[in-house]
Amino acid sequence: MVGRSGYGAQALSLGYGCAQRGVIVHELLHAVGFWHEHSRADRDDHVTIFWGNILRGMEHNFQRLSWQFVTNLGAPYDTGSIMHYDPYSFSKDKTSPTILPKRRGVSIGQRFGFSEIDLWKLNRLYACRHSGYSTNDETAENSINKENGESNLWTASIIHCYTF
């Protein structure tokens, strides 16, 4: 399930071995409305799914959804997203890839933290404004520091949205 379920507190259930920061952030993003990045309608332009290498019964985790169900919020496909599976997720034998990027040298499936695009989409989804380096009310879309190119998105999500 993706997004809010019912009223009151949003429960988050983590299985054995899942109490790691990256996994928790991944599951929290599901709770606030994010699908897997590789579920996007345009995913076949960016990755190849090897259906024959996926554990039986786990194929639904690689389902491609139409734009009717998944929006990209105007962001490009993000191979660096915490919402993207790694090449061996749900592999039958742990040595045969289930998903690979089409561009050579591109990594997928990190569980270290938000990508810059993850944060941008989170702020966009919840219409958050950032504190930034100026006094005007720029939106998250304009939250890149013009002087050094660094992102202010983490500040934006903490100060204005309190979603985490």
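Glycine is treated like the rest: Cβ placed from N, Cα and C.
Where the annotation comes from TrEMBL, it is an automatic prediction and has not been curated.
Quick look at what TrEMBL lists:
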type	residues	note
DOMAIN	1-129	domain 'Peptidase M12A'
BINDING	His26, His30, His36	Zn(2+) binding site
ACT_SITE	Glu27	active site
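The domain 'Peptidase M12A' (1-129): residue composition by secondary structure is 34 helix, 9 strand, 86 coil, according to DSSP. The local packing around His30 (Zn(2+) binding site), expressed as other Cβ atoms within 10 Å of its Cβ over all shown chains, amounts to 15.
Sequence-distant neighbours of Glu27 (active site) (same chain, 6+ apart, CB under 8 A from its CB) are Leu12, Leu14, Cys18.
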